[in-house]
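Inspection log for the structure reproduced underneath, given as structure tokens.
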Amino acid sequence: MNDKFTTASFLESKKQGRKITMLTAYDYPTAKILDEAGVDSILVGDSLGMVVLGYEDTTRVTMDDMVHHTKAVVRGVKRAMVVADMPFLSYHTGKNDSVRNAGRLVSEGGCKAVKLEGGEDIIENVKAIISAGIPVVGHLGYTPQSINVFGGHKAQGKTIDTAKKIYRDALLLQKAGVFAVVLECVPYKLAAFISKRLDIPTIGIGSGPDCDGQVLVIHDLTGMFKDFTPKHVKKYAEIGETVSTAVKSYIDEVKNGVFPTEKNSFKVDDWIIDELDKVRFDI
């Protein structure tokens, strides 16, 4: 458990049939908890746009946002491999921009790899980033940055044409040199088919049990939000309810004079207060 998880660890896990665990984190304390709990990899996802910054989708997340949050996560990690998302339009305008932006996430942010959404349409930029010495994770199926193209959060690969495209893109990404690929909201039989035919590991989210690993958004897994739970999520806690209950108790105790008590306060000698009572300031 003390050995650092690396790109080689991803590939070795695939060969050995060991499932890979990945979760998102966007700040130092969460990253520290996940790392100490033993998760293999931490994704600084552009999902922070929704679960941290309050946007409707991921398309408004900037490079500066990603660098800022990646820095915080990296400070909390000793073992897990940190992967950072490249945000919308940061790798679509050419090889130079793609390499420059990926380089910022590594050199400024401190992550060990970057993740990009898309297949054949971005393959040359993927190759350029890898050629620059930056490891890349692919992302196929439902790609959140394309939400306006898809018309919402929808499973992908349910027709023969879309299934062929996802499979072909996975093969192209593997040939380009990515060391893993995320499959999001892909029908589980298609995800299993692709996983068996790739030499690199697949990381599933809403894509069934036969992927080589799994990733979830930490806010979904811990039940931080009550209003919406995606179909592919299993809640392992109800942190939102716990925090809400704690805050209500705090409000009640403050208003009723229950908190704080002397136990929560610092003491000073009585004579100091007596002396202060004699002081008169010329103000």
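Any Cβ shown, glycine's included, is placed from N, Cα and C.
Record check, Swiss-Prot: Mg(2+) site residues include Asp85, Glu117, and the candidate from Asp46, Asp57, Asp64, Asp65 also listed there is Asp46.
Among the recorded positions Asp85, Glu117, Glu184, the ones whose Cα sits within 10 Å of the Cα of Ser47 (3-methyl-2-oxobutanoate binding site) are Asp85. Less than 8 angstroms from the CB of Asp85 (Mg(2+) binding site) sit Leu43, Val44, Gly45, Asp46, Ser47, Val61, Met66, Val114, Lys115, each of them six or more residues away in the same chain. The two recorded residues, Glu184 (active site, proton acceptor) and Glu117 (Mg(2+) binding site), have Cα atoms 10 Å apart. Considering only the recorded positions Glu117, Glu184, the Cβ with the fewest other Cβ atoms within 10 Å is that of Glu184. Highlighted in sequence order, Gly45, Ser47, Thr58, Val61, Met86, Pro87, Phe88, Lys115, Leu116, His139, Pro144, Gln145 have their Cβ within 8 Å of the centre of the Cβ atoms of Asp46, Asp85, Glu117, the residues recorded for Mg(2+), and are not part of that set. Ser47 (3-methyl-2-oxobutanoate binding site) has a Cβ environment of 21 other Cβ atoms inside 10 Å.
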